[in-house]
Amino acid sequence: MKKRSRFPGIYVVLILLLLYLPIAVVIAYSFNDTKLFHWAGFTFSWYGKLFHNQTLINAFFNSLELALISSASAAVLGTLGAVGLSGRHFRARGALENLSMIPIMVPEIILGMAYLSFFTFVRLPAGMLTLVLAHTTFCVPYIFINVKARLSALDPSIGEAARDLGASAQRAFFDITLPLIAPAILSGALLAFAMSMDDVVISFFVTGAQTSTLPLEIYSMLRMGVTPEINALCTVLLGAVFLLVALSGLFKKSSRSRFFEKKPGKKL
């Protein structure tokens, strides 16, 4: 019997360690009863200090508001763009698709400088509005790519069958196409939400003195060194991310089952 190589298993273990060991260390040290890098006992005191830090709380809600508005706006724009280009063949289609990818292909520092120059040129004061406009712009491609890929995989005869049965183009889209592309829209919106919450470089260029986001506050705190309070904050954010991923998986599963369920009495 031929022996199997152990290399793939070792490789997988090393990759998992590189990915998750730093996360495990951050979580563990958020409960450490000292600021030093040695274990001194278990405590929740850093979480108490975190939730009483008004600056961080304000920055968190600013980032949450920014990410929700930006991802929702990008979901609408990205979906409209993907649907508008789907099934249509014209000369400028490839150019328009490539143009839609530019925000994720250009380095963030260049985008940040471009946004700053543009907002200065139109005399738009830096603040939440400039943050929303900048974040929406670089979030659109994440939804556009997901929805475009999903639309290209759909069988066009489904929509054509609905039209043959008397459904209008709008009715066929909302009853047939939209439920099928909803998981792609959601996954793209979640990715856009995460990218907006995580952004430092672009936010640094377009934010105002009165508006600070959570990544910028964390960056400012890290100049003084990593503290257990930052570890506690990272642990809370990791928990929120894992929850969103779980909810996304449940939504995808339920949306597929709901669409393919038989709905008596409903006509096109």
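Using the three backbone atoms N, Cα and C, a Cβ is placed for every residue, glycine included.
Curation plays no part in TrEMBL annotations; they are all automatic predictions.
What TrEMBL records for this protein:
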- 60-248: domain 'ABC transmembrane type-1' (DOMAIN)
- 12-31: transmembrane segment (TRANSMEM)
- 66-87: transmembrane segment (TRANSMEM)
- 99-118: transmembrane segment (TRANSMEM)
- 124-145: transmembrane segment (TRANSMEM)
- 172-195: transmembrane segment (TRANSMEM)
- 230-251: transmembrane segment (TRANSMEM)
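When Cβ-Cβ distances under 8 Å to the transmembrane segment (66-87) are tallied for each of 12-31, 99-118, 124-145, 172-195, the top count falls to 124-145. Of the recorded ranges 99-118, 124-145, 172-195, 230-251, the transmembrane segment (12-31) has the largest number of C-beta contacts under 8 angstroms with 230-251.
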